[in-house]
């Protein structure tokens, strides 16, 4: 807890820099307006005007906070202007995709550690795929699924699943292989079957690795769902809010959507972290 | 239907071959470790080709690999132009600036434990956020050309590299630092001769994560607006025109560029951190 003061200091410095940048970047517009009206603006007049524009180049923190508050609490939850509505659309696709990707990833990892041929043929590709910008295929998946009549949540969920799949595979294979020779030998002196070894040794031993990949995977899933919303023509979801905002120059809307996405991401990673802490503690593996 | 049957037969045959190889002595050798995944990759391509042709899948849903290959060979100049625009100008520039700034920042805050304790949680927090979302803002600020893409990349790679570098600078043991002190080494000497070399495995870990992020950032930023070239631009417009063979061609280029970029950084790492246990030849 001794890091609270330093963290607050850093956050305060960031907010201060942000205000300074907002004044500096929005000043041009204010000066242009003044020059058009044939007046001069003093510095005292300049500052409040730069912080209260409708479409600033960089909205000030309090404007973003107001945008967030309007989006979260100022609307009915079902309204299309509510950020809760858009966040829920993105979150549902993220969670469905994350579930599919994690499930398939764990299954493939189990297959890989029990089958030598699968290990040698699939594993190098799974590792290599981590270096590829997979997100680039997102627009194609959306449009192709649309053309065969599937739209809505599922295409986005597929992109999310795809992004969370490979981290889980790689992490789980490492985790399921983490028991050392001595532990495996002990189980074979007990005459344990393969499935007993799996359930009583390999699976419990893989938990720390699983949770580490789940944290990476759920963050990647959210990014996948957001990017998946871009090519559909900005219908609904946080990605759509970003795109609409950039079409119409609504900077406050962009920043509010961005912060909503950040809050959702932080909450998701936090939940995974909390589950990790509880599970590892119950299993006696907490460090 | 014959082609579909042929695909299934080919699948079973190569599967049997791979099982044979992986249970033989050959798979222990270096060549064996390359052959098995190569056969698997080839199988996927052949089965894809035969299935698409056999089931008459429309090319606007999934083009066969030969069509993609033909498209790559006929549109090399376009692909090269997109590659230069997105990878060399956008991703590489941004990667260099972002990683350089992150390492320098880490060294700058190295002497202040207060700043480190404050910046590390913030950095870890930001590293988990969907930073690609900042793309529309930066495109507004820096215009449609490559500068805005490089800016997105800078923001994306900064925090992972910063967090890794700070962790790396803390990686030396008290014994080693004490030794430097007995040599009466100055702060700069300790930094240059002990702590930076010891931090290299961590820094390179961050740099390797950043290679993938850089390409993703540069491509996704182009979805928000770009000049009429670039990989992300080509992907989004060709998807709109249902020219899926071109989209797959761009994805192939992106995949090759991503793997090559990662491979080059990994090679440099092997040269710089030759002393680290993970780089020693495994027997």
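Placement of Cβ uses the backbone N, Cα and C atoms for every residue, glycine included.
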Please find, within the list B:34-52, B:53-71, the residue stretch that TrEMBL describes as transmembrane segment.
B:34-52
Among B:177-201, B:202-226, TrEMBL lists transmembrane segment at B:202-226
Could you tell me what the rest of the chain brings near the transmembrane segment (B:202-226), counting residues at least six beyond its ends with Cβ under 8 Å?
86-87, 90-92, 94-95, 98-99, 102-103, 131-132, 135-136, 138-139, 144-145, 148-150, 152-153, 155-157, 160-165, 167-168, 171, 232-233, 235-236, 254, 257-258, 261-262, 265-266, 268-269, 272-273
Is the count of Cβ pairs under 8 Å between the transmembrane segment (B:150-171) and the transmembrane segment (B:92-110), pairs 6 or more apart in sequence, 3 or more?
yes
